[in-house]
Every structure is written in C-alpha cells, then in structure tokens.
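Student: Can you read through this structure? Questions will come right after.
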C-alpha cells in the first residue's frame, strides 16, 4: 500500500496554471500533488557565441529551489557561491529535453531561457519542471508568432516527464518524497506526446533491478505521461 493510498499506476493530481506571472513571455505554475514549480520562458533575440551565424536558435534552462521549499531551510546557492552538482544535472536535463521538442532552424537566431523555481518540494521536482516548462515554452513561441518574430511554429511536439520506481518491491508511478527516499529503484522518464523516449535516468538505490522490471517501469511511465500530456493539452486549449 502506498502512503497516499494511490494505486501503483496512479499519478498525483496534476494542475497547470498558465500566465501565472505578468512579465515573462510564458509562465506556468505546475503542481504534481504537493510539489509546486514556477516555470517561466523568456524569449531573447540572439544566440550563444558558438551558434552565431548558423541560422538556428537555442533553448536553455536554469533550475533552483527556494530555501523553504523543503522541510527544513536550505541555504540559497547564490549565498554559497556555487551551484550543486544536482542543480547542474537537473537544469541540463530540462534544457536537453526541451531542445528535443523544438526545430532550432525554425526558431532562427533566438534563444528561449527557461527558469524553473521549486516553490514546494515533495518529490518529482525535475519531472514537474519539465512538464510545466514545456507549456511555458509553447506560450513563449506563440507570443513570438503573435509579434511576427517567428513565421512558423518551431514546436515539433509536446513533452512531459514522470518519475517511476520500485517501492516495497512494487513498481509505482509518480513518487512522492516519502516513497522516493525509500525506493529500491528510482527512475525519471521524459517522453514525447506520442510515447517516444527522450531521456531515461534510472538508478538501483538498493538491489539491482531486472530487465522485466525496467520494462514494467517504462510502461508505467508511458501511461502516466500520456495522462499528463492530456492535462497539458487541456490547459493550452
């Protein structure tokens, strides 16, 4: 039995609130249960130096957690003077995932900067961030088209992400913190709206997992992501 009494395949309630802030071209508050992440997408002219003159754009991401997003206060990374390895890993994951969804040639020499700030953490912050950032990205691209900056929509497909894992010997979907901290296997999966895989991050925290367990986890993720994409589409309609 899961602590929340959810079934193994059941995700937490997912809520996507668009236009959450006034200034960003795209802004979303995404909630996976008690995990809440603010995702903004800023449209900027120009590209990093390594892309100048190549006629293509760039999508990059930054990620952070507010000091009291967790049970006890954590020091701001700015105050420490450096980002943790975890932060760098997550923001690279978000950027890679979103770049897979965008035709960089159609974006032109423009950059979209995604900022994901965790307001409250209860497991699955990176998967929530990817899911919300995708919707913010769509709004930023639509803003650019409305301004005449882009003639064609560079978005190839929606993407979403969910965590899966083995908890007390059973494969489950969308782990909250109490499950994540005790899971024998922990995995984050990013997929397109058609179920194609963009990224898998999987680790055996305790006992190694079998090929059969891997396949069952991927099926759980595919089912969960399909439901999340439906919520993304409903929020954009």
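Glycine residues also receive a Cβ, built from the backbone N, Cα and C atoms like all the rest.
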Student: Same phosphate site as 124, 125, 126 according to Swiss-Prot: which of 76, 80, 86?
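Tutor: Between 76, 80, 86, Swiss-Prot records just one in the phosphate site with 124, 125, 126, namely 86.
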Student: If the phosphate site is taken as the center of the Cβ atoms of 86, 124, 125, 126, which further residues of that chain fall within 8 Å of it by their Cβ?
Tutor: 90, 118, 121, 123, 127, 128, 129, 188
Student: Where does residue 124 (phosphate binding site) sit in the DSSP three-state scheme?
Tutor: coil
Student: Please list residues from the chain of residue 124 (phosphate binding site) whose Cβ is under 8 angstroms from its Cβ, counting only those at least six apart in sequence.
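Tutor: Looking at Cβ-Cβ distances below 8 Å from residue 124 (phosphate binding site), excluding near sequence neighbours, one finds 32, 35, 162, 163, 174, 175, 176, 180.
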Student: In Å, how large is the greatest distance between any two Cα atoms among 86, 124, 125, 126, the listed binders of phosphate?
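Tutor: The span, Cα to Cα at its widest, is 13 Å.
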